[in-house]
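Feature annotations, reproduced from TrEMBL:
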BINDING   G32, E33, S34, G35, A36, G37, K38, T39  ATP binding site
COILED    782-869  coiled coil
COILED    910-958  coiled coil
COILED    1016-1131  coiled coil
COILED    1160-1205  coiled coil
COILED    1244-1278  coiled coil
COMPBIAS  971-988  compositional bias 'Polar residues'
DOMAIN    1-630  domain 'Myosin motor'
DOMAIN    1364-1639  domain 'Dilute'
REGION    509-531  region 'Actin-binding'
REGION    959-989  region 'Disordered'
Amino acid sequence: MGDMDPHIFAVAEEAYKQMARDEKNQSIIVSGESGAGKTVSAKYAMRFFATVGGSASETNIEAKVLASSPIMEAIGNAKTTRNDNSSRFGKYIQIGFDKRYHIIGANMRTYLLEKSRVVFQAEDERNYHIFYQLCASSSLPEFKDLGLTCAEDFFYTSQGGDTSIDGVDDADDFEKTRHAFTLLGVKESHQMTIFRIIAAILHLGNLKIQGERDGEVCSVSSEDEHLKNFCSLLGVEHSQMQHWLCHRKLVTTAETYVKSMSLHQVVNARNALAKHIYAQLFNWIVHHVNKALHTTVKQHSFIGVLDIYGFETFEVNSFEQFCINYANEKLQQQFNSHVFKLEQEEYMKEAIPWTLIDFYDNQPCIDLIEAKLGILDLLDEECKVPKGTDQNWAQKLYDRHAASQHFQKPRMSNTSFIVLHFADKVEYQSEGFLEKNRDTVYEEQINILKASKVKRMVADLFQEEKDAVPTTAVPKRAPRINVRSAKPAFKAANKEHRKTVGHQFRNSLQLLMETLNATTPHYVRCIKPNDEKLPFKFDPKRAVQQLRACGVLETIRISAAGFPSRWSYTDFFNRYRVLMSKRDLSKNDKKQICQTLLEELIKDPDKFQFGRTKIFFRAGQVAYLEKLRADKFRAATIMIQKTVRGWLERTRFRRLRRATLTLQCYTRGHLARRLFEHLRRTRAAIILQKQYRMLRMRRAFLRVRSAALTIQAFARGMFVRRIYRQMLMEHKATILQRYARGWLARARFRRARAAAVVLQCHWRRLKARRQLQALRIEARSAQHLKKLNIGMENKVVQLQRKVDEQNKENKLLNEQLSMLTSAHSSEVEKLKKELQQYQQTQQGDGKQLLSLQEETERLQMELKRAHGEREVMEDSHSKERDLLKKVCLSVSKVHNFSFLPPSSFEDEFARNTVEENMQMKKELEEERSRYQNLVKEYASLEQRYDNLRDEMSIFKVMKPELSTPGHRRNPSNQSSLESDSNNPSICTSEIGDTEDVIQQVEEIGMEKAAMDMTLFLKLQKRVRELEVERKKLQAQLEKKELLTKAKTFPEPQMAGLAAERRSWLRQELESENKKLKNELNELRKAIADHATQNNSANDVQDGYSLLLNQLKSANEELEVRKEEVLILRSQIMKAAQQKEMGKNMDWGYLNEDGELGLAYQGLKQVARLLEAQLQEQRREHEEEMEALKNQVDFMQEELEKQQQAFLQTLQLSPEVQVEFGLQQEITRLTNENLLFLGLMLGFLLNVSSVFQDLKELLEKLEKNEKKLKKQLKIYMKKVHDFEVERRLHERNMQVAVQRKEKDFQGMLEYYKEDEPLLIRNLITELKPQAVSATVPCLPAYILYMCLRHADYINDDQKVHSLLTSTINGVKKVLKKHQDDFEMTSFWLANMCRLLHCLKQYSGEECFMTQNTAKQNEHCLKNFDLTEYRQVLGQLSIQIYQQLIKIARGILHPMIVSAVLENESIQGLSSVKTVGYRKYSSNAGDICYSLDEMIHELNTFHSIMCDQGLDPEIIQQVFKQLFYMINAITLNNLLLRKDVCSWSTGMQLRFNISQLEEWLRGKNLQQSGAAQTLEPLIQAAQLLQLKKKTWEDAEAICSLCTALTTHQIVKILNLYTPVNEFEERVTVAFIRDIQVNLKGRNDPTQLLLDFKHLFPVLFPFNPSAITMDSIHLPASLNLDFLNKV
């Protein structure tokens, strides 16, 4: 590596090798300008030594050596205008090695820390890195008590402007610094003390000093927060520090005075104290680093790495730059003397003729600085003068050194001076030189710090230290050098004899020079490529200037003038012996051999010189010798290659020749054998051909002969039959002529008679023609064609439903049968056992037996009566079914078209009214869509505004003087969409009072309530939706009845009829509910009767045992319920006693998550469930009736189709009739097969889906069971703990004063500083799963309760702040989770609920119609939040649009493959058109099925329902999604020719029916989603309709009302037949379509915009929950909220 191009590892390796080889101490001197890379080079050198010379033991000392770098960079490096990581101190690291050259330890010496940077930084510069690292990590928990904020808030870190460095993460660097401290063994307590001292320095810089009397007297406020932090962090007295910061003590021989200081003096004293504290801390850290790197093993040798500040020149150069440049002068002098002298000394040692070359010596400049009466001497002398000033010192410099060639006086200044350094001339400002050289700190302030309470470190920093002079051991062979510490001796007690900073620096620099001169130096010159700190930019002029300044060009000049290349005689002989002859090699004198060779090869004797041990060459001669050597090697290589290649080729030729001869021998033998075989087979083939040809010719002759005979026989018969038929036809023709002539005569008579009555029948005929024309138009209308085409689709769907229903019924019956069988067997066994026990233990009581027998007879009578009623119902049901069948048969006998009666005037009026309403609704939706588009644009503009505001904040940070604090208020004057419709509430069911809950729990038991809770939670939302639907339907029915009866009854009678109707419906529901309960009891009794009949031997005893068993079980269950009630009552009493004893205990711990309330609510829903079951049975009966009616219609349509086909066939020829009949039969059989296959596939899919649903339901039930068991254990443990606490409290307390607690008023109180925590726990960090088991929309209720308390205390700022923070927090959450459907739906539900709460409790009467008296008490009293309701409405619209966008992104890849390409009916699309392709396969996506898409829709629906989203909004969401499905599918259908066929239309209609079935199953048929699929349904029907005649064109035009003209024509053009029974649509038919559609005013757009959004409505939906019934779960961490 030492021969490589200049590299830091090469220099380090050379130093390591020389240390090991020569056993001498080495030094690596890294020099260069500021920013040239000296610190990084030194780190790489130490990394090399740590890798190569790793420690032999497990002390890991090399890692500690490397760990010192980040610490020293953090506390000693800072950003300057020339370097982002400039070292503001010098350091010399000695890495010690043992005899085996492993690292055993290290020692560090530092030089001249730039203390002034602590209190002042120039423009675009920073303080030391540690300050910014600590501020960046101030948010950590362990640094909360430091009182730190960002770096811009502190004076000592913000003077340079920008506090950050591009590409540098201060927080990450701080973690590395802490890790390095830990690695070096610095305790955690010491680290925290270091950080406290650094924080105290920052607080010291922010002290506010108040001047009085024109600045002559100053003071610091005792309430200054930064002064308090400073004193608390350092552990000093607050009052003393406040006093001595503004006063100083003057000590004379007689007495002591205390004098006030001026403002300027106080600021200087504060800055001096800060610099002194940081300097002492810096020295302490260096001392502990050396302590960690110290070792007790004897040091054999060391390598020193000097990383000292480079040459610096700024716009303003002060005392620090002067000392830095002075050190660089000394190092440059050492480099010149070492390099140049060694080069020339080697020439002299080798006795080569050489003329000495003069080189630049900077000793005069050094003398100017450090000589007697030099700059430093005059500075020390001026510091000793009592009233010395910087101007007097500068004048002394002008007088003393004006004649020096390295000193100049500026023309325009009397306080500056110029020094001509080796690198450049630098102008220094004398201002501050004396102060920095003295480094004065007031003794009173130091004494306060010495008395710090933090004894472990702060006080130790300022104790007086003795001047210790440690020495560093050196190896025996190296000269002994006393290495003293560069740390100055500190004697604070005697200020007069204290050494100045310049004197200390000169002594430490002299000691460094002695150390370097005692070692073997290695130089690394770092060159700075440019002054702009830019990457990949090289400034040649600056590089040459640096090379010239550091003496590299001078070194190159000496090397070029001399002999840069040199070889020892031995190395030269070994290298170039190939150029020598054998005669020369036979000589023994190698030196003579080398001389002879060079004289032969190089003719010019000036190109080389022979020394004593080496040969010296001019530039280029070694390259010439290398070329001759390479030519020699090349010639020898060619000779070797030639010989070897010839031998290889000859060997290869011989081997190839032997192989060829062998192959030829075997090949010739093989060819001869193959020829013989060919000849033998040819002869055999000829014989076979001869025999076969003879046989074939004979068979052909016999076949032709037989055919000729057959033809002759048939031809002769045909001629005879033809003559017979001709004779027969002539005979029949005569008979036909006779009858025809008679018919013509009678026809003439009838025409003459009919002509007489023509005028009489004219009007009747005209009227009949008009009626016939009207009936024909109506027969060809869309309704008729729809019936014709929907029949087949309905039949497919009905058959599939029938299969599903039959499977379900079979499964339910099997389950019921198995359950009844098992129950019956268990009951029989149980009765047998009890009977035996009873017979053995007890004799029956006669009276009891008689009473039980009477009871049995009474129950049997009731059972018979129930059976009779059941038979009556079955008879009535069978009669109705027979009647329907008769109607179906009578309808099927009808052969003519059924015409609809003409509509009446009332129907036309109703239709016109409906059309006007639809038009008005359409206009309203257009207005809403425009408004919501504006809201969407406003949201995008608001997002852009936020981005611009972030950019402005960054700009303000860069220029803090331009930034002014401001407050931005959310716009409240925007319009909002308000809907005041009073729809039923679906939020949550009402939670009853405490007594009702207790009563319900007592009735059903604690355990059963807990076990049924999960079932009630699952059924609750489904029951609410059914209840809402039932109420809507009931309201519509009542309205229709009232409208119909309004014509005949007056208003009072109409109201009475409505009330009577409602009461009748209620009574009917109650009666049917009772019937269901009676049937359940009868079923139980029937089981018991069946059990008694099996034991015919002892009927009385069996009946008695059965009743006795039932009585015992009832008593046991009653006892269990009583015990549970007693337990629950005892728990409630304990909770009441706990309240009376004064503890803030609440028995609500038994109901932490609302289990009791939910269980009670579930019990209330039992009646509703029974009512829903009754309605379900009624609906099934109606559906069965409708199915029968549809079947009748379908049969009628089939009959009409057959009649039409029969009429058409009668008009055709017989051959065409036969062909047409075959075609119709084949088509019918094909369709039936396809339908059967589709039904079977649907059946299998349904079975698999049902199985999967049952499996998922089982898993959910198991999870809920485990969860409830855990909750039960928790509750039991809490009850036990509470019981123990109560007993202890009863023992300790004798007298308990009862105190009545206030009721919870539904308000939550929080402090202003807890608002960010509330927003974080309730909004930004809240997961929907955390509140899944609680009341839906719980965050909205909590926010309203907090708003209500702010309204209660009349705090408008709190209301505004909370609402603004809530809206901003929700926006941040949605922006973070912009692809999360569950999170978006969760916050849409909560924002809508919060909007409803603000309306419901606003105090406006229109929103309070459904409120209870308790809810009216919770209304707002002081503020009108109408503007915030508008803002919340806009936010809800934005969330809704984001929800639609997420759902669209999930469903979009699935739609085409699931709806258009999915083969739900297998075999229907088996014949594909040419060029058929799948859209999904071309796109490289996964092929999705319709079930997968429906599964995603189920997921969306369940998420929105579980999170309590309003049903109206859910309906609008699915309306939008189904419109997107329609648009995307229709667009693909319009763009793809391969899917426009009859089979695709059939498949598409089946898939659409599946989607419609899903909508009906989810009760979304009122949402309008099915209407959005109307264009797709009509497109599917268009593919299935007949497309030939003008009547077909009229039917298509009347049917496809949702499709535009362009879309219809496009589908017809793309229609492609897939089999021989279909035909392509003709051009003439398409023209007929265009003519019929000419009058339409359709848009010209072909494709639908699938991104179109319908306007969204948020109808008012009040909640039935009262605020005081809401419980806060502990999982939300809202302990800081107080109930009011």
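Glycine is no exception: its Cβ is also placed from the backbone N, Cα and C atoms.
Per-residue confidence over the domain 'Dilute' (1364-1639) averages 84 (mean pLDDT, predicted model). Away from its own ends, the region 'Actin-binding' (509-531) comes close to residues 8, 11, 14-15, 18, 22, 24-33, 35-38, 41, 45, 82, 92, 109, 111, 304, 306, 310, 326-327, 330, 334-335, 338-339, 474, 478-479, 481, 483-484, 486, 537-539, 542-543, 546-547, 550, 552 of its chain (Cβ-Cβ under 8 Å, at least six residues beyond either end). Burial estimate for the binding-site residues (S34, T39): highest at T39, by number of other CB atoms within 10 Å. Cβ atoms within 8 Å of the centroid of the Cβ atoms of G32, E33, S34, G35, A36, G37, K38, T39 (the ATP site) belong to the same-chain residues N83, S86, G310, C526, K528, site residues excluded. If you draw a 10 Å sphere around the CB of E33 (ATP binding site), it holds 26 other CB atoms from the protein chains shown. Residues in the region 'Actin-binding' (509-531) partition by DSSP class (helix H, G, I; strand E, B; coil) as 9 helix, 7 strand, 7 coil. Proximity of G37 (ATP binding site) to non-local residues of its own chain (separation of 6 or more, Cβ distance below 8 Å) is seen for C526, K528, given in sequence order. Neighbours of G35 (ATP binding site), defined as other CB atoms within 10 A of its CB across all chains, total 22.
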